[in-house]
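> Here's the feature list from Swiss-Prot:
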type	residues	note
DISULFID	83-94	disulfide bond
DISULFID	107-126	disulfide bond
DISULFID	142-145	disulfide bond
DISULFID	206-218	disulfide bond
DISULFID	229-248	disulfide bond
DISULFID	264-267	disulfide bond
DISULFID	328-340	disulfide bond
DISULFID	351-370	disulfide bond
DOMAIN	28-132	domain 'Cystatin kininogen-type 1'
DOMAIN	151-254	domain 'Cystatin kininogen-type 2'
CARBOHYD	48	N-linked glycosylation site
CARBOHYD	169	N-linked glycosylation site
CARBOHYD	205	N-linked glycosylation site
CARBOHYD	294	N-linked glycosylation site
MOD_RES	19	pyrrolidone carboxylic acid
MOD_RES	332	phosphoserine
MOD_RES	383	4-hydroxyproline
REGION	387-555	region 'Disordered'
SITE	48	site 'Not glycosylated'
């Protein structure tokens, strides 16, 4: 029975030792965190007995540790306020001092929460950047007057050293004190020099019983007593301290709690990736990897990404590393040596290993798992093809053929517009089958009658699609009710731009015409049978380039609701003359653009609106900015600007 009781007590003790405090990042605007910062800032201001109070600017980092007690570890920025310490006001009642005259700082603190309203400062360190302060000049007009000097002046060192020694020898305090910060210094030229120096001191861990004077082993105590001293010293012409007086005020340290300690027996802990204890472990790991790998060449550890160790019945290492293929083959080398260099274009492996080490048996048991990262290779690009362009070869169906290299590609308008936005209605008659038909030869005639009110009539071949021609004869006739033949450009929402001269015009249908749906363009092609139509080709060669049509047709009103971005782009595009039959880039195939590729994926102008937890909101604005006066004039581009 006693044995069972002892085992139960031991298990409970081990369980209590293995409990680890849970730490988590919290919002910098948390209410309890603000109370902890308030306690830390009041603690700091209470130790400053002569200057102005510091006011919170904002909290930059915050972590909450929950265990037997709750602790807040945080960083916060402060600015000097306009309230003196002796004013009796809290820092919340103070305003920021002028930026040119105010000191700033950053503090790191750990505060324990004892109850819902009680917060105790465990540790705190503040780095204060003083303001410019009074101007220090090399010469004054007033001879013999008291003038401020820099607190970093080397002339102050012997006086400060003497002052600290004088304080430690003439006080009843059990510990030695050391210099903390020089706050102000003044000097007066007489028959020698008069100095008046104000500085702060702090208690150290060196007691007077064990140390007669300060040594490098003496360190300041955060929970120790602090003080502020003002020394008056006279240095004669022999640079000796002829007279010295000192006035010091001591402020006892209070309300100190020890920071939380984390005890986790057997928990994994991180170790440096270049730790010497990993050398033997990594050697056995790469040996195990090469023994299990069937590759022709040896692999070598390129870099260690992360390493952890856990104390068990021995030690267990968890290592993440990258292995690279070397130039040493397994056939010509019995083992991996230091002279084996990694291949520049070799294969890489992303590996994680668990290595169990039993020191008293001098045994190591490694287990390695690797995933290939791929092989580095060089790819040839066609000349002029941008490396940043994302593309893929279009899928070739039975009904389509690859376009010849000399065929140029012209953009096509989208014919599937919303008919509700037009002034009139659009009628379309189609004959054919369900699939789109593509012809290498044939005569496709498109007849359109503009009635002046947006009524449009189109005849084509194919079910829902216009007939596509390679190098056939494409005749387009444009007839007005007034029988007036105009080479114009009708801007009507829902139909394509028509370029015409007089009664009709033979156009090269070998240019890729497609239906523009989103960003997808269907490529059509010509057949080798186009040699059977010499008359059409001869007529096309003798015809001059098509002139750029005017933007607006006389007598036709253009409404902005019918105006599209593509209308402006297509209108301003110059005519594309037929490319030469033979070209140096004939071997470059037509590449279908990936609509989801990088070149067509617009990058967002603004980041995501998810607001981070830290840093928090400023306590008070340093300077109020009027958004109505600070906003710059923005220029909004309207497509109507293209009409002017």
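Every residue, even glycine, has its Cβ placed from backbone N, Cα and C.
What's the neighbourhood like for these features in this structure?
The Cβ of residue 94 (disulfide bond) lies under 8 Å from the Cβ of 52, 53, 55, 81, 82, 83, each of these being in the same chain and 6 or more residues away along the sequence. Taken residue by residue with DSSP, residue 94 (disulfide bond) is part of neither helix nor strand, so it is coil.
The Cβ of residue 126 (disulfide bond) lies under 8 Å from the Cβ of 44, 78, 105, 106, 107, 108, each of which sits 6+ residues away along the same chain. Following the DSSP three-state reduction, the secondary structure of residue 126 (disulfide bond) is strand.
Long-range Cβ contacts of residue 145 (disulfide bond) within its own chain (separation 6+, distance under 8 Å): 188.
DSSP gives residue 206 (disulfide bond) a strand state. Other Cβ atoms within 10 Å of the Cβ of residue 206 (disulfide bond), summed over all protein chains shown, number 21.
Other Cβ atoms within 10 Å of the Cβ of residue 229 (disulfide bond) number 21 in total over all chains.
DSSP assigns residue 267 (disulfide bond) to coil in the three-state reduction, placing it in neither a helix nor a strand. All protein chains included, residue 267 (disulfide bond) registers 12 other Cβ atoms within 10 Å of its own Cβ.
Sequence-distant neighbours of residue 340 (disulfide bond) (same chain, six or more apart, CB under 8 Å from its CB) are 298, 300, 326, 327, 328, 333, listed in sequence order.
Look at residue 370 (disulfide bond): DSSP puts it in a strand.
Across the domain 'Cystatin kininogen-type 2' (151-254), the prediction's mean pLDDT works out to 90.
Neighbour count (other Cβ atoms within 10 Å of the Cβ, all protein chains): 18 for residue 48 (N-linked glycosylation site).
Close to residue 169 (N-linked glycosylation site) in the fold, though at least 6 residues off in sequence, lies no residue with a CB less than 8 Å from its CB. DSSP assigns residue 169 (N-linked glycosylation site) to a helix.
Cβ neighbours of residue 205 (N-linked glycosylation site) (same chain, under 8 Å, six or more residues apart in sequence): 175, 218, 219, 220, 221.
Take the CB of residue 294 (N-linked glycosylation site) and look out to 10 A: across all protein chains shown you find 5 other CB atoms. DSSP assigns residue 294 (N-linked glycosylation site) to coil in the three-state reduction, placing it in neither a helix nor a strand.
Proximity of residue 332 (phosphoserine) to non-local residues of its own chain (separation of 6 or more, Cβ distance below 8 Å) is seen for none.
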> How many other Cβ atoms sit within 10 Å of the Cβ of residue 83 (disulfide bond)?
20
> Sorry to bug you, but what's the C-alpha spacing from residue 206 (disulfide bond) to residue 351 (disulfide bond), rounded to the closest Å?
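Spelling it out, the Cα of residue 351 (disulfide bond) and the Cα of residue 206 (disulfide bond) are 51 Å apart.
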> Measuring CB to CB from residue 248 (disulfide bond), give everything in the same chain under 8 Å that is also at least six residues away in sequence.
167, 171, 201, 227, 228, 229, 230
> Provide the three-state DSSP residue tally for the domain 'Cystatin kininogen-type 1' (28-132): helix first, then strand, then coil.
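Each residue of the domain 'Cystatin kininogen-type 1' (28-132) counted once, the result is 22 helix, 52 strand, 31 coil.
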> If I take the Cα of residue 48 (N-linked glycosylation site) as reference, which of the recorded positions 206, 267, 294, 370 has the closest Cα?
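Closest by Cα distance to residue 48 (N-linked glycosylation site) among the recorded positions 206, 267, 294, 370: 206.
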> Between residue 294 (N-linked glycosylation site) and residue 370 (disulfide bond), how far is it from one CA atom to the other, in Å?
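That comes out at 13 Å between the alpha carbons.
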> Could you measure between residue 370 (disulfide bond) and residue 267 (disulfide bond) for me? Cα positions, answer in whole angstrom.
25
> What is the interatomic distance between the Cα atoms of residue 267 (disulfide bond) and residue 206 (disulfide bond), given in whole Å?
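For residue 267 (disulfide bond) versus residue 206 (disulfide bond), the Cα atoms are 36 Å apart.
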> According to DSSP, which of helix, strand or coil covers residue 328 (disulfide bond)?
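The residue in question, residue 328 (disulfide bond), is strand (DSSP, three-state).
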